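According to TrEMBL, the protein has these features:
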type     : residues                            : note
ACT_SITE : Cys175                              : active site, glycyl thioester intermediate
BINDING  : 26-31, Asp50, 58-61, Lys74, 119-124 : ATP binding site
BINDING  : Cys160, Cys163, Cys453, Cys456      : Zn(2+) binding site
COMPBIAS : 232-243                             : compositional bias 'Basic and acidic residues'
COMPBIAS : 565-582                             : compositional bias 'Basic and acidic residues'
COMPBIAS : 611-630                             : compositional bias 'Acidic residues'
DOMAIN   : 13-454                              : domain 'THIF-type NAD/FAD binding fold'
DOMAIN   : 464-549                             : domain 'Ubiquitin/SUMO-activating enzyme ubiquitin-like'
REGION   : 205-250                             : region 'Disordered'
REGION   : 558-635                             : region 'Disordered'
Amino acid sequence: MAAAIDGVLPGTLQELVKKSKVLVVGAGGIGCEVLKNLVLSGFNDIQIIDLDTIDLSNLNRQFLFHREHVGKSKARVARETALSFNPDAKITAYHDSVTSSDYGVSFFQKFDVILSALDNRAARNHVNRMCLNADVPLIESGTSGYNGQVELIKRGLTQCYECTPKEKQRSFPGCTIRNTPSEPIHCIVWAKHLFNQLFGESLDDEDISPDAADPDAQSVPQEFDAGAGGDGEAKISKEKTPTEEGTNNGNVVRINTRQWAKDCDYDAAKLFNKFFDEDINYLLKMSNLWTSRKAPVPVSWDTLVPEGTTDIQPEFARQHHKVWTVEECAHVFANTLKELSASFLKLKADETLVWDKDDQPAMDFVAACANVRSYIFDIERKSRFEIKSMAGNIIPAIATTNAITAGISVMRAFNVLEAKWEQCKAVYARLRPNGRGQFLVPDASLAEPNPSCYVCSLDPAITLRIDTKRVHIKELRDDVLIKTLNMLHPDVVLVGSNSILISSEEGETTDNDDKLLSEMNVVDGAILNCDDFHQNYSLSVIISHFDAERDDSLFEVSADSKQLQPKEEEQKKPDDETDKGKEARKRSANGADVAADDGPSTSKRSRPTEIEDDDDDDCLVIEEENDEDVMVVATDNLSVESPAKSAAKRKPSVAIEDITEILDSSDEEEAGPTKCKRSKIELPDLKINQMEVINID
């Protein structure tokens, strides 16, 4: 071990490494490399925590695991393998979630440095807050394909993980998914929703039937029903249970999609015709939808699958890089429907299947359905491999990028132990060298804390612009405090009346869940005190009411109330920039000025369909159209922007296009997906023609 051999490390550092206590959060692609580096460097007291188990797909890059370990705890197997490198090391493994109440501030305070190797935003936010409260340095790292990033987070010295706004997951209106898809991803989301309608946990917003409430569509003749089946099967509605005969629905019993499919014994022909023929014909009746769009072309089962050929196991189904024909998709649809329905019928009444990109029948089903729908709407079809990447919101993880990033993380840990803070600047790994021939590009200086950050500022506060007449207390808790502001167990008190609106004690405020904010006197100008005991985090929320239109966001969160000014007020501002405004610049990677962001801001639309994060190792969401688009130039004026800081517009001089921001995603999303966002910005006159700026969380 390096620390055991005199002369390998400087004397002082050698002793610090031997005596220090280190926590590694995450035992995936980066976590395995970090643990190996720590053990070989001579760290003797290491603890590692990870809730995940080993999957077969992990073995190509997480070298501490082998085939015999599939299904076992990542943290425990990583510990066993690492001990083979140094049996004298003390390694403690926790197969648990780092957000558990068992790991509070006192747990984090035991460590000299913490190295984060996480793959989702919610856990990163939590570890960020715990390290800030415990005042323990955090080495945050992440990779996305060939790109990697390592940065230090220390209270009062650097910006925290939440100092800069993170993009929300990419989302689509429900009517786009159900009525007017125009991109492959729309069809993939629809296919995942169909899987859930038939076999999984179904949500109202995931209904795959045509949406007659689409504002772009005209009214449809009542005699034409989307659920009417050509073979006389029961009509389908959004309702979850059958309705009684004799109602206004024309004395026809209506049942939901799942029940109807069961009643049909999962007949492939009937289901295929319902989803790809009858529903499409129903959409064609919405004539307003097709005045400026190309109309879809229905396909029927009989035209694609000759009778008696559905049980054939096609060879092409194993060709994952091949784009299946629509006929081949129909065969895959029939075969996977048979497999999935058999698995589903074996479950207990209250159990469902869970879609997983690594479950072959589930993945094949989504790929086939997505491509049939793409064919109907004249959208480019994708290979199964491509659909898997898009459906799971991942890009391939690169083992060498993980290794490089982990190596930088441990080197930064050395700097932290010696308190050499100025040597702890953020570092970015790149596929190609920049203008100075650097593959590893460091920041020019440490990123200072954002004074408007609602997590690490001295008096955290936000302004919440929200429709208090439409949002309920339950939605305030789940969508605003937990999903958007990343609290775990919030307690909320209305300032002035001291009314307890939300309690972390189970059942204490359940009666408030279905009440509107306005009913609880949460109105314009009200102030809420929000606390999370587990995170040791308090936040003041200032309510700003607005009447949301049909397609408006129901709420918007800002750490600076100026961000929420009406457009009319913003237009009244003088054109001349104040001296203070000129000084409020965000620092780019080499110290160049970019217009400052006023602080975190996020919003939620009324009924989006979100692409959820997949907890694959260390993969942040990115869609790169061309490897040539990765940053290839860095000059004294601009190189790589600080993590998650989005570039804002300045006075035009030279327009530069195709700025790429790499952002992570949430595992909820519920959270939502991390992704890549391309936009056009304008920068001061630079003596270069084009460049790329890449942000990685």
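From the backbone N, Cα and C atoms, a Cβ is placed for every residue, glycine too.
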For the domain 'Ubiquitin/SUMO-activating enzyme ubiquitin-like' (464-549), residues assigned helix / strand / coil by DSSP: 18 helix, 29 strand, 39 coil
Pairwise CA distance, Cys175 (active site, glycyl thioester intermediate) versus Asp50 (ATP binding site), rounded so that it is a whole Å: 39
Whole-number mean of pLDDT values that fall within the domain 'Ubiquitin/SUMO-activating enzyme ubiquitin-like' (464-549): 92
Site of maximum Cβ density within 10 Å, from recorded positions Ala122, Cys163, Cys175, Cys453, Cys456: Cys163
Cβ-centroid neighbours of Zn(2+) site Cys160, Cys163, Cys453, Cys456, 8 Å, sequence order: Leu132, Gln159, Tyr161, Glu162, Pro449, Asn450, Val455, Ser457
Between Asp119 (ATP binding site) and Cys163 (Zn(2+) binding site), the C-alpha gap once rounded to whole angstrom: 19
Distance from Cys163 (Zn(2+) binding site) back to Ala122 (ATP binding site), taken between C-alpha atoms, in Å: 15
Nearest-integer angstrom distance between the alpha carbons (Cα) of Gly29 (ATP binding site) and Cys163 (Zn(2+) binding site): 26
Lowest local Cβ density among Asp50, Asp119, which the record lists as binding-site residues, within 10 Å: Asp50
Length of the line joining the Cα atoms of Gly26 (ATP binding site) and Cys163 (Zn(2+) binding site), in Å: 22
Entry from the binding-site residues list Gly26, Gly29 having the most other CB atoms no farther than 10 A: Gly26
Cα separation, Cys163 (Zn(2+) binding site) to Asp50 (ATP binding site) (Å, whole number): 25
